[in-house]
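S.K.: Structure incoming, see below.
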Amino acid sequence: MQNKDKSIILQNLKESSTEWIDGQGPLSDIVISSRIRLARNVEGIPFSPRAEQAELKNIFELSRQIVEEDSLFKDSNLLLLDELTPLESQFLVEKHLISIYHAQEKHPYRGCVFNQKETLSVMVNEEDHFRIQYLLSGLQLNNIWKLISDIDDEIEKKVTYAFSEKEGYLTSCPTNVGTGMRASIMLHLPALAMVNGINDILKAISKIGYVVRGFYGEGTEVMGNLFQVSNQITLGLSEEEIIDNLEKVNQQIINKEQKVRKELLSNSKSQLEDQAWRAYGILSSARIISSTEAMELLSKLRFGVGLGIIPYPDLGALNKLMLLIQPAYLQMLTGKGLDPFSRDLQRAVLIRNEINH
Amino acid sequence: MLCQICKKKEAAITFTKVVGGQKTEIHLCKDCASIFSDKFSIFPLPQFDINDLLAGLLNAIDLYHKEEGVIPGKKIECSNCHLTYDEFKQSGKLGCSVCYRDFREQLTPLLRRLHGNSEHVGKIPRQSKSKLNKIRKIKQLRKELQELVLQEEYEKAAKTRDEILKLEGVLKKKNAK
């Protein structure tokens, strides 16, 4: 474990460069990131929403012990959510380190463990005792599975997981039981969106057991043409099969996006150039900008950069901006609470600084 | 078909939402669809709400039980955390790992509907792996023991019995830990 002081941990988190959005992974022009999470519970203790305070404390102390003793967590931090302000919790949500549910839930001893690169995080006492999450940039679910499975084994050395031969890993919600695994891929699909090709795909995907969400997770609307596709089925398939199926589905979407990009590039290059440079123009000079407008323009600019018709900024910088412009992140960076109008002013400053860099 | 928003032009684009096999469709004309896309930067998603799905499935299974003549009103409760099945139906969340055993009869059809399957085939925790293997081994040795006794192979039977006792001892120790 690294630091124990909450303010130091949060300060570092504000200044950190989140690895999974660095734009360096495979197929980064279309795939922002890949993610796997595993839901795990300790045998003999009720699932967190139904556990007594002493039991929740046990789970939290257990995770503290693991983080302090295990070398896998040597560069990790542990935060107790009870000690955070609502703004700080929301900041963790926007960083994709915890879920909205975890931030808002009322029971005590909810924790968040994360490593320095922010690729690994563990939600302690969410709906399940442990929700282990691993994120990497670009399309690399197989790599993530190897990494997260090792972490899972390491935690299991210290605890006995709730597991049944028949139903597999037992979870609070029956929609997660079995592997306890949710794998997802975040896609940027501006070309398909431009030719109204998204609907057919979404229709097909939802029919075969996959879920599509926005960039900011469950219950959020899609912004900036970013789509998160994940598996719904967790029981009766092995982890490898789930990953393989999800990658196949995503590969098809990626192929379609690539095809449309090529067509647009040969038929409407001037329009694409115009669109990307206009987006650049507004982003680099606007004085007031809402998050919706910013996301739309960042998407257009990212599209242009991905196609190679505009040389800068790089994909990593654009991905990072998509995180930074969120309300809580902005307020953390500014160091004070801001009303929506001040946020729009501040957002414009931040984007100008990054884009004109 | 006319667009469901302007109710004037012919619908050209269809959004489909499928929840638990139930399909809802929205038909829009090109203009209305493009207004949607301008306003929100993207079309409203055919959201797959897992809670709707769960609630729908639970009610369907209940109805099935009623039709099958399963006596309603019988209160099912988890022997460990005392969550009742009715409480589970409302929240969609189980209370503890024992709930899976005590509600198995009700849960199995639900799991089959949710996942298309009710048996785990994925990763096994290391601890359970050795435990599961031992349980399987004991089962197999018991069978062998019976056969050996029938064949009056008492010496071999004694050895097998000792092996079973040893394995059971290991399991007991583990459980006590």
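Sequential numbering from 1, following the chain as shown.
The backbone N, Cα and C atoms fix where each Cβ goes, glycine too.
So TrEMBL says this about it:
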type    : residues                                     : note
DOMAIN  : A:30-260                                     : domain 'Phosphagen kinase C-terminal'
BINDING : A:33-37, A:H96, A:R131, A:182-186, A:213-218 : ATP binding site
COILED  : A:239-275                                    : coiled coil
S.K.: Counting only residues 6 or more past its boundaries, what in the same chain has a CB within less than 8 Å of a CB in the coiled coil (A:239-275)?
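M.R.: 27, 30-31, 36, 139, 141-142, 145, 149, 179, 181, 183-185, 187, 189, 191-192, 194-195, 197, 201, 205, 208, 210, 229-231, 233, 300, 303-304, 306-307, 309-310.
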S.K.: Between 0 and 100, where does the mean pLDDT of the coiled coil (A:239-275) sit?
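M.R.: Per the prediction, mean pLDDT sits at 95 for the coiled coil (A:239-275).
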S.K.: Can you check which residue among the binding-site residues A:S33, A:S184 has the largest number of Cβ atoms within 10 Å of its own?
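M.R.: By the 10 Å Cβ neighbour count, A:S33 comes out on top.
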S.K.: Mind giving me a neighbour count for A:I36 (ATP binding site)? Other Cβ atoms within 10 Å of its Cβ, every protein chain shown.
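M.R.: Its Cβ shell of radius 10 Å holds 27 other Cβ atoms.
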S.K.: Let me spell it out: for each of the binding-site residues (A:R131, A:R213), count the other Cβ atoms within 10 Å of that residue's Cβ, using every protein chain shown. Which one has the most?
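M.R.: Its Cβ has the most other Cβ atoms within 10 Å: A:R131.
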